[in-house]
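These notes concern the structure reproduced below.
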Amino acid sequence: MKITVIGGGYVGLVSAACFAELGNHVTVIEIDSKKVDMINAGVPPIYEKGLEELLKKHSGKNLVAKSDYNDISLSDISVICVGTPPLKDGSANLSYIKSAAGSIGGEIKKNPGHYHVVAVKSTVPPGTTENIVAKAVLEKTGGNQEDVGFVMNPEFLREGLAVEDFMNPDRVVIGSSDEKAGDVAEKMYENLCARILRTGLSAAEMIKYTSNAFLATKISFSNEIGNICKKLGIDVYEVMGGVGMDKRISPMFLNAGAGFGGSCFPKDVMALVSLAEKIGEKPVLLKSVLDVNETQPLKMVEILEKQTGSLKGKKIAVLGLAFKDNTDDIRESRSIPVIKELILRGALVSAYDPLASSEMRKIYPAINYSNTAGDALTDADGCLVMTEWPEFSRLSSEFDLMKDRVIIEGRRILDITDSEGICW
Ligand SMILES: NC(=O)C1=CN([C@@H]2O[C@H](COP(=O)(O)OP(=O)(O)OC[C@H]3O[C@@H](n4cnc5c(N)ncnc54)[C@H](O)[C@@H]3O)[C@@H](O)[C@H]2O)C=CC1
Ligand SMILES: O=C(O)[C@H]1O[C@H](OP(=O)(O)OP(=O)(O)OC[C@H]2O[C@@H](n3ccc(=O)[nH]c3=O)[C@H](O)[C@@H]2O)[C@H](O)[C@@H](O)[C@@H]1O
């Protein structure tokens, strides 16, 4: 099948490489020409486990990247994977979606009689595919609805595990304007052993927001319970271990600590709050999910300062800058507010991350970046563990290099006990 993927970022590039691996012919349209050159050279512009191998195997063969929208109408389906970042009021910025849809419409009108499906994979508020995407496409095609169908096919992959998640989804949701359009979209996944759920367009859009909001709620709930447990001297990980044994709850996403970061949970919960308020609802629970997440990283600094005394002039090691392990992505990373607070309190920050230091340097050029965790910890008065990197679990003697062994764990990754460090 011929697939065009619009946007070669995390979701677009991973989807494109995986669709190519599933035997499809894939064209990626990406406005950033640097990314286009890298993809065509088989070099991933982002770090994602397994992606380089897929690009090396398929680039220049059944996977090609380019910047123009020419010939899009020759493909069976175009899958929009552009960003939907938050606007100032928290709502989703749909301008990239609108622009991509308009460009697709402008091209498919050149090939009348050829049926083409426009699918949205980006996370968009309910109503977007029907009221914005379809409208922008049909405006360009002169309203001809015979040759075009619309699909909303949300993506549930996690960064760091993107290829694995894409290839082994819990479900593939296909919301469609009609059966024919949904059938074309379903064909993209025919070589994947996946449970397919067919829905309407808006339900598919809402499933994505609700899934992210629910996972974020589990994390903030665990953090609130963790804060209560801390005051009572109870280990929240032991508690959630027991709670998660209930099949109705599941053990996943119950890890308390620094809170959630990343480009999606904060943005998507904000967008849902904004949408709810616009339609006259009071999303009390969702707002609290965000509130807990805002204060959580600062609590770590407070606990640290209680142990070390004033942070002024103290060397503090920050282990982990990425928003989670196995990625160089620092968007909404919890280490950003933590470093800001440390600097405000006069600490000398020494940071280490296996992949994300160069990204963090763009935000904090003046702090110290170490090449190893050991270097960051040497002579430190305290340490904050911000990311669940597996290599941190192997740290042991490195902590002996600290001036004072004050360790605040934001991710419960270290293999040390409470008596040696202060776990969350
Ligand atoms: N990052 C993730 O793990 C996940 C993201 N999502 C959703 O997928 C969407 C995309 O997210 P990411 O891939 O992270 O964003 P991204 O920012 O990494 O990638 C978007 C890409 O689209 C390109 N682009 C923008 N406008 C374009 C246009 N008109 N034509 C062609 N290319 C264009 C940009 O240059 C950029 O490379 C968002 O709605 C996000 O919420 C959904 C599931 C997982
Ligand atoms: O829409 C999206 O973009 C994606 O958002 C999340 O994926 P992602 O943000 O890549 O990473 P997660 O593994 O979900 O972690 C998000 C944040 O939550 C934190 N987290 C996770 C789990 C947990 O128990 N506790 C916790 O604090 C992580 O450290 C990280 O900062 C969802 O898990 C994906 O299903 C979804 O497709």
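If you go along the chain as it appears here, the first residue is 1 and each next one adds 1.
Glycine is treated like the rest: Cβ placed from N, Cα and C.
Copied over from TrEMBL:
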type	residues	note
BINDING	Lys35, Thr84, Thr123, Glu159, Lys267, Arg331	NAD(+) binding site
BINDING	Phe156, Leu157, Arg158, Glu159, Lys208, Phe253, Leu254, Asn255, Ala256, Gly257, Gly261, Lys324	substrate binding site
ACT_SITE	Cys264	active site, nucleophile
DOMAIN	317-416	domain 'UDP-glucose/GDP-mannose dehydrogenase C-terminal'
Segment-level pLDDT (mean, integer) for the domain 'UDP-glucose/GDP-mannose dehydrogenase C-terminal' (317-416): 96
NAD(+) site span - longest C-alpha distance across Lys35, Thr84, Thr123, Glu159, Lys267, Arg331, in Å: 24
Binding-site residues close to ligand 2 - of Lys35, Thr84, Glu159, Gly261, Arg331, only those whose C-beta is under 6 Å away: Glu159, Gly261
The domain 'UDP-glucose/GDP-mannose dehydrogenase C-terminal' (317-416) - residue tally per DSSP class, helix then strand then coil: 31 helix, 17 strand, 52 coil
Among Lys35, Thr84, Thr123, Cys264, Arg331, which are recorded as recorded positions, the nearest neighbour of Lys208 (substrate binding site) by Cα: Thr123
Secondary-structure category, per DSSP, in which Ala256 (substrate binding site) falls: coil
Neighbourhood of Lys267 (NAD(+) binding site) by C-beta distance under 8 A, where only residues 6 or more apart in the same chain count: Thr84, Pro85, Pro86, Ala92, Glu332
Candidates near ligand 1 among the recorded positions Thr123, Glu159, Ala256, Cys264, judged by a Cβ under 6 angstroms: Thr123, Glu159, Cys264
Neighbouring C-beta atoms (10 Å sphere around the C-beta of Phe156 (substrate binding site)): 17
Site extent for substrate (largest Cα pair distance over Phe156, Leu157, Arg158, Glu159, Lys208, Phe253, Leu254, Asn255, Ala256, Gly257, Gly261, Lys324, Å): 25
Rounded inter-Cα distance in Å - Leu254 (substrate binding site), Arg331 (NAD(+) binding site): 21
Collapsed DSSP category at Lys208 (substrate binding site): helix
Residue among recorded positions Lys35, Thr123, Cys264 with Cα closest to the Cα of Arg158 (substrate binding site): Cys264
